[in-house]
Amino acid sequence: MKTDRKLLMLIAVFGLIGLAPMLIAQDSLLNIIIMTLYAALLGQAWNILGGYGGQVSFGHAAYFGTGAYAVAVLQVQFGINPWIGLVAGGIAAAAVGAFIGFCTFRYGLRGSYFALVTLAFAEVLRILSNSVDFTGAGVGLLIPLERSAANFQFVSKEGFFWVIWILTFAAFLTVWKIGNSRFGAQLMAVRDNEDAARALGVDAFRVKMGAIMLSGFFAGLAGVFYAQYFLYLDPHIAYGAAISVESLLVPIIGGMGTLFGPLLGAAFLHGLSELSRAVIGDAPGISLVLYGVLLVIMVLFVPRGLAGLASHLRSGKPGQPRAEEGKGHA
Amino acid sequence: MLEVSNLRAGYGAVEVLRGIDLAIDMGEIVTLLGSNGVGKTTFSAVVSGLMQPWSGAITFEGKPIAGLSSQAIVDEGVIQVPEGRHVFPNMTVRENLELGSYRRGKGNRMRNIEHVAEIFPRLRERFSQKAGTLSGGEQQMLAIGRGMMAEPRLLILDEPSIGLSPLLVEEMFSLIKQLNTDGLTILLVEQNVLQSMEIADRAFVMENGEIKLSGIPGDLMDNPELQRSYLGLA
């Protein structure tokens, strides 16, 4: 019953968002919604692994950048259609996820060790993409402007809106499904207590591998969309720390391990970013300063994120951090 | 049913289990006693596949299980309820229970939940409550119930009385006895010597990674070494 309500709510929310192109004539406003959906997609990708799986990643740029470079390189170097690149980008990012997952989970890396290794992988990929010719090295890759829907380059923002709407909706539906599946239950069990989950016969390695590949796939799709939207990529954009920070900040602010958290976090962050731009102007680095301050405030005062705050206001119960195992009272 | 011979295991270069020999017959409650740090939890982790042994043999119902994955050992019917309860706090009681039965198929899940709810009626009242909000005793019941959902033929209970009030400890031990009366074979890993001995058919006492004493509880309770080391009697 509760499950169906969540699904209905999800359909209703995305239905409402889907009205945006009809109600908003201004390109700049539509752009904000597009970028919010894009951030929600990236955040939801992180949320699968970090929120539902408890494997906090500092290096989601590795998947984002791989997706972005996959579509750009296939297009620029091999003339392959970017719609094919969209699928290829997702798969390539999932493959990077599988590689990183194998190298880390196979050897039992958890917590801060896992987080640091993911950061290192993203850095390695940034350095590699900065050093080889087919990625355009430090100069980057400029995707030639050939506006047509068949070429994943739309004349108006509306086309891009529908692409990111579909991708983000698909990611949210996937996460809804995870929350109601055996895989999801096992993933959350591994998050809460890996040894207890293993004692019940849960194959923790397989479950975490599934999560990292799925997470990588959706982060890769976000990268593909970014590349097609801005038509330019360089190693700093694709594999830079800013992407990794944004991907984890969105669900932390919105609510880790919740279905709607990444959407709330993305809307809040982009709202704040626009507000700061209007008030302070477009000073370089100001958004990162704001993000840092916000992160400290959220962790200290709203540890369950905006989704937790909303459920607290609804139920009247305190918004405590997610429960830790084994804290019952005798 | 379970036979362990010359089992050695450890962490890094530190040997914790130094040649354990132990056997459990079907339908028994066997208790493995010992103070903190003697290797009891390591032993139950190795038997249940959470840790790989260095050497030695473990057979369950005639089949070698040493070194198998925890999933494979669960499939064989050996279920461990870890020390410290370890319920999944953000899931409901029902979701916790269902997790125990995923390897037994959907068909058995409902039947197993009913069975567990009959054994632990208090859990039935709290099916939709988050496990993290249960009391310590209820969490322990949930942890055992979750293990029961996996249809064990051998249930390994690692310190089920730890952190519980004396009244709850009493209740927990009579529950364990009841499970055994219903036909379940139990390996009870405990520090609580007196109450474990009361319900056990046989007991093993560990010290420094080795079995120091073994026998039936009545005989062991008269053993001066046990009296001195564990019961504080001169």
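From the backbone N, Cα and C atoms, a Cβ is placed for every residue, glycine too.
For A:7-24 (among others), the entry in TrEMBL reads transmembrane segment.
Here TrEMBL flags A:30-49 (among others) as transmembrane segment.
Residues or ranges marked as transmembrane segment in TrEMBL: A:61-80 (among others).
Residues annotated as transmembrane segment in TrEMBL: A:86-105 (among others). Remote same-chain partners of the transmembrane segment (A:86-105), defined as residues 6 or more beyond its termini with a Cβ less than 8 Å from a stretch Cβ, comprise 59, 62-64, 66-68, 70-71, 74, 80, 113-114, 117-118, 121, 125, 152, 204-205, 208-209, 212-221, 223-224, 227.
The transmembrane segment feature in TrEMBL is assigned to A:112-129 (among others).
Outside the transmembrane segment (A:159-178) by six or more residues, the chain places 6-7, 10, 14, 17-18, 20-21, 30, 33-34, 37-38, 40-41, 44-45, 47-48, 52, 149, 152, 184, 187, 214, 218, 221-222, 225, 228-229, 259, 263 with a CB less than 8 A from a CB of the stretch. According to TrEMBL, the transmembrane segment annotation covers A:159-178 (among others).
Counting only same-chain residues 6+ beyond the ends of the transmembrane segment (A:211-232), those with a CB under 8 A from a CB of the stretch are 34, 38, 41-42, 44-46, 48-50, 52-53, 55, 57, 60, 62-72, 82, 85-86, 89-98, 100-101, 105, 140-145, 152-153, 160, 163-164, 167, 171, 174, 178, 187, 238, 247. If you look up TrEMBL, you'll see A:211-232 (among others) marked as transmembrane segment.
The transmembrane segment annotation in TrEMBL covers A:252-272 (among others).
Annotated transmembrane segment per TrEMBL: A:284-302 (among others), in sequence order.
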Cβ contacts under 8 Å made by the transmembrane segment (A:284-302) with residues that lie 6+ beyond its boundaries: 242, 245-246, 249, 252-253, 269, 272-273, 276, 308-309, 319
Most Cβ pairs under 8 Å with the transmembrane segment (A:30-49), selected from A:7-24, A:61-80, A:252-272: A:252-272
